[in-house]
Amino acid sequence: MEPQQRSPLLEVRGNVELKRPLVKAPSRLPLPGTRFKRGPDRMEDALEPEKKRTRGLDTVTKIATSHPRPPALTVRPQTQSQTTAPKVPKKTGPRCSTAIGTVLKKQKPDPAVPAQKPGAAPPTLGGKKPTKRPAWDLKGQLCDLNAELKCCRERTQTLNQENQQLQDQLKEAQQQARVLGAECRTLEGELARVQAQAEQGQQELGNLRARVLELEEQLGTQQGLVQELQKEQVGLQEERRGLAARLEEQERRLQASEVALSGSQAEVASLRQEAATQATLLVAQGERLHGLEMERRRLHNQLQELKGNIRVFCRVRPVLPGEPTPSPGFLLFPSGPGGSSDTPTRLSISRSDERRGTLSGTPAPTTRHDFSFDRVFPPGSGQDQVFEEIAMLVQSALDGYPVCIFAYGQTGSGKTFTMEGGPGGDPQVEGLIPRALRHLFSVAQELGGQGWTYSFVASYVEIYNETVRDLLATGTRKGQGSECEIRRAGPGSEELTVTNARYVPVSCEKEVEALLQLARQNRAVARTSQNERSSRSHSVFQLQISGEHAGRGLQCAAPLSLVDLAGSERLDPGLALGPGERERLRETQAINSSLSTLGLVIMALSNKESHVPYRNSKLTYLLQNSLGGSAKMLMFVNISPLEENVSESLNSLRFASKVNQCVIGTAQANRK
């Protein structure tokens, strides 16, 4: 492909940007008037004329070619490897095209100079063909060279003038190019702004078209809604007509109701008057009910006093599987004056004197021992029958009277079963402790309707070898019974507490069952000759009851003590004692000592002695507030139905008879 040609204006701008100065080349021709001096080194020229002629011709050729005429502003073909001038932006306005055309018109055409081939002879002056001078004609050659030099100088002067004109034209073109460039940039900025405005207009037009479509869609939706609303309006008009009819009906009914209301208001006024009368009557009934409750408590306490502040019940346990059946006449329950319908209160035990029979050789005579108590429970009596007899006594604790119930008897006679019940959680074999607390919770809830509120706090300790232990201890507190001591609750207070023992608030049966289960695990038991699992300590369950009637400012507080005494046994002095038997011996001595002290305390209270030996035993010291004259006490004497235990049974019955003969002063309620 042929190279593209550029316009003269672009060629000028390219030359200016590339900073190509138009420098006049210095002439290498000798100045006129100079002479050639031959030196030693020029002597060869005379000897070799042909060579000198050739050299002279070469010199003329060099002079002619060393100052070529600079070409005019012609289009130069450029290849990709050559450096190109910066391109003029394609987007040019009409003003830029007009200016460039004006510059091109002002440029003068440069006369074409024929190109001279290298090695050719210089042109002749005047158009004449130069004659060949001999080699020795140096002067002629010099004249020729001077003439040629003159022509070259004239041509150089002409070229300089043309160069000056071209430079002036170039400056003017550059100035115009700068003006045109500024105008071009302004026009380009305006063009960009117009294009941006056009694009913005196109975008706004698109947005408006989208908005028009959206509005048309909304218009269609609104038209649909209008149609639906029109339908709904028709329905509402029909509904309004129906409501208007209903309103008329309601107005008629309202008028009838107003008439009925006026009658009801009169009735309400009479009912309010009646309610005020009923409120007055209710207050009077409340006062009367409170008076009756106080009278009930007084009569209840009087009834308990008539029965005796110290009562003794005897209970005979049934024969267990594997035990021998006693003889028919060994244990009898004589009927009362009213026959078999009377409550049994008497007990007879027959015993033969074996020593007298052996000495005489005849059968030993039978000795009959009769005992009378407040109540006797044969072997077939259930736990519910036993509790029914003591329920009223337990309720006295809610009235503010200290109550103490304890089970006494030899080991294996059923004391623990009577107080705590049997294993397995069978409701039929529940003992006195869970039944008593259930009864207290029930009665306290009934009294709550009369304005009474009660709180219950339970504790459970055992006295083993005159040491107090906490049966409710858990975790690291187990085995720390030696640290428990009996102390007064405060200076001048008659209430006793056990230090380091747990006092647990209870409000339901499940909490009591959990405490009893924990106490069974912690209680000290051992195997004896009479029982495989004998309780070797006295267990004392105490329930502190506090009641308050906020409306009348009444308060009452009393303890309920339920005691399971350790089994009593007589010691055999001829028995050989090993290490285990010595421990059982110490336990038996401590048990018998505390039981003897209990009997002495009861006798001292009955005899109204000035000194009551409460401190002789930890058991009596802990129970002294439940054994005094202001307390109600009940003792269960438990005996075995076996003939082999008749001696221990008689000892227990004799001790119980002595207690039953004691009379303690009138009990007093702890009220504030």
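Every residue gets a Cβ built from N, Cα and C, even glycine.
Taken from TrEMBL, the feature region 'Disordered' applies to 26-134 (among others).
Annotation comment: TrEMBL describes 38-51 as compositional bias 'Basic and acidic residues'.
Residues annotated as compositional bias 'Polar residues' in TrEMBL: 76-85.
Among the features that TrEMBL reports, coiled coil is placed at 149-309.
Note on the domain 'Kinesin motor' (309-662): its mean pLDDT in the predicted model is 83. Taken from TrEMBL, the feature domain 'Kinesin motor' applies to 309-662.
The region 'Disordered' feature in TrEMBL is assigned to 325-371 (among others).
TrEMBL lists G409, Q410, T411, G412, S413, G414, K415, T416 with the feature ATP binding site.
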Cβ neighbours within 10 Å, counted over all protein chains: which one of the binding-site residues G409, G412, G414 has the most?
G409
Mind giving me a neighbour count for T411 (ATP binding site)? Other Cβ atoms within 10 Å of its Cβ, every protein chain shown.
24
So among the binding-site residues Q410, S413, T416, who's got the most Cβ atoms within 10 Å?
S413
